[in-house]
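Asker: This structure is in structure tokens; I'll ask about it shortly.
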Amino acid sequence: MKEIDELTIKEYGVDSRILMERAGISVVLAMEEELGNLSDYRFLVLCGGGNNGGDGFVVARNLLGVVKDVLVVFLGKKKTPDCEYNYGLYKKFGGKVVEQFEPSILNEFDVVVDAIFGTGLRGEITGEYAEIINLVNKSGKVVVSVDVPSGIDSNTGKVLRTAVKADLTVTFGVPKIGHILFPGRDLTGKLKVANIGHPVHLINSINRYVITREMVRSLLPERPRDSHKGTYGKVLIIAGSRLYSGAPVLSGMGSLKVGTGLVKLAVPFPQNLIATSRFPELISVPIDTEKGFFSLQNLQECLELSKDVDVVAIGPGLGNNEHVREFVNEFLKTLEKPAVIDADAINVLDTSVLKERKSPAVLTPHPGEMARLVKKTVGDVKYNYELAEEFAKENDCVLVLKSATTIVTDGEKTLFNITGNTGLSKGGSGDVLTGMIAGFIAQGLSPLEASTVSVYLHGFAAELFEQDERGLTASELLRLIPEAIRRLKE
């Protein structure tokens, strides 16, 4: 976003002060939208010396004469030119400024506007700044942050020792990554994105996006009235073992619930009977295995089954042993269809196989699986969108790095999903997602599109659960997917 600001100013000739004025006014309008008539409130505006502080002075000036009271506490040591300019304007308009923060001052105001640090902050917050932020967080006042809560790294969402906990954050142009990755997402509060006049094509040139309702609605496959099951694709799911009999069913039903025409399950016998007995919609093919796990002896049979489908999902409930490892890697190396690779298939995957494949692949790891795949710690990979992009690009695949904010990337374009709740933190929900992605690929979406639509709907369905989210199960999630699609189309 910094580069877009600079291009807007230098290449398009938009005065930086105009951008700052629009930013400040947009904050006032957003507060009015959230709080109602601002005349009932008293505002304390905390300004640093950077351009974020300059935005704060614009906010304060535009509140003069509108609200009960407004006071700026200047917390900087020196000011950028645009901050200096708006400080001067605020003073000329009769605005009050103090340069010493007294804890008792918080008692005199209803709303605190945080314009201390913006997106340029990199070092940790210590000393007086940390003390002030902690006092603001404990004050119980309504807190509005300008652009990003002070103390959040706008590129990662990490807390730089301490950070403001906002009720409302007003940002400019596009959401920042720090707003959508945790813990920054928890501290942002309600996020409003204001258009302050950047050229549209510069905004559109950004290759990292938040997945939106409108985006997903536009990608949903059409359902022509004159159609048949072949119109909506065929999926093969290779899954299950003597240890895990439910995973194949959850994946299979995930595919059917998003509209797939036909779903076959290849499951070790007798575990396949569970699908046959409970879900007659699923075609369950019994696979004779050695000790209940897939091995190379099942390779040709599974390749044969893959010939008359559009996409293969592999991994849920396979188990993790040397026989499974050999089977998965040889199967994927030989398979000439798109593949969705999940769970145990990721745990045993040799990534060199991905480079050898000529057909598309989607990988859907959670952070633990991703850490094992790239031989790093969970902390190194969780929310690490740059690592995800690098992996996807190097291995010519789509990566769906699952977490509370899920990252979807093909290495060129990256999307962040923010739907969902803690009810998805439960065994089986990932199996459902695997089936959904395979189902949308079968219906004609690209692997990136299918992954984008699926993660959004998966989370949206969880949000529709009528009871406390902790009681959500994968089976309940399946029930809610069609309702999520119906509401999306409204």
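If you go along the chain as it appears here, the first residue is 1 and each next one adds 1.
Using the three backbone atoms N, Cα and C, a Cβ is placed for every residue, glycine included.
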Asker: Among D15, D110, D114, D186, indicate the single residue that Swiss-Prot lists for the K(+) site containing N52, S150.
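Answerer: Matched candidate out of D15, D110, D114, D186, per Swiss-Prot for K(+) with N52, S150: D114.
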Asker: Take the region 'NADPHX 1' (118-124) and count its residues per DSSP category (helix H/G/I, strand E/B, coil), listing them in that order.
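Answerer: For the region 'NADPHX 1' (118-124), the helix, strand and coil counts are 0 helix, 0 strand, 7 coil.
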Asker: If the K(+) site is taken as the center of the Cβ atoms of N52, D114, S150, which further residues of that chain fall within 8 Å of it by their Cβ?
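Answerer: Other same-chain residues near the K(+) site: L46, G48, G53, G56, A115, I116, F117, G118, S145, V146, D147, V148, P149, V164.
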Asker: Between G428, G430, which of the binding-site residues has its C-beta surrounded by the fewest other C-beta atoms within 10 Å?
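Answerer: Counting other Cβ atoms within 10 Å of each of the binding-site residues G428, G430 gives the minimum at G428.
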Asker: Could you tell me which of these binding-site residues, A404, L424, has the fewest other Cβ atoms within 10 Å of its Cβ?
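Answerer: Result for the binding-site residues A404, L424: minimum number of other Cβ atoms within 10 Å at A404.
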Asker: Check the region 'ADP-dependent (S)-NAD(P)H-hydrate dehydratase' (212-490) for me and report the mean pLDDT.
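Answerer: Computed over the region 'ADP-dependent (S)-NAD(P)H-hydrate dehydratase' (212-490), the mean pLDDT is 98 on the 0 to 100 scale.
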Asker: Near D147 ((6S)-NADPHX 1 binding site), meaning Cα within 10 Å, which of N52, D114, G317, K402, A404, L424 (binding-site residues)?
Answerer: N52, D114
Asker: Determine how many residues of the region 'NADPHX 1' (51-55) DSSP places in helix, in strand and in coil.
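Answerer: Counts, helix then strand then coil: 5 helix, 0 strand, 0 coil.
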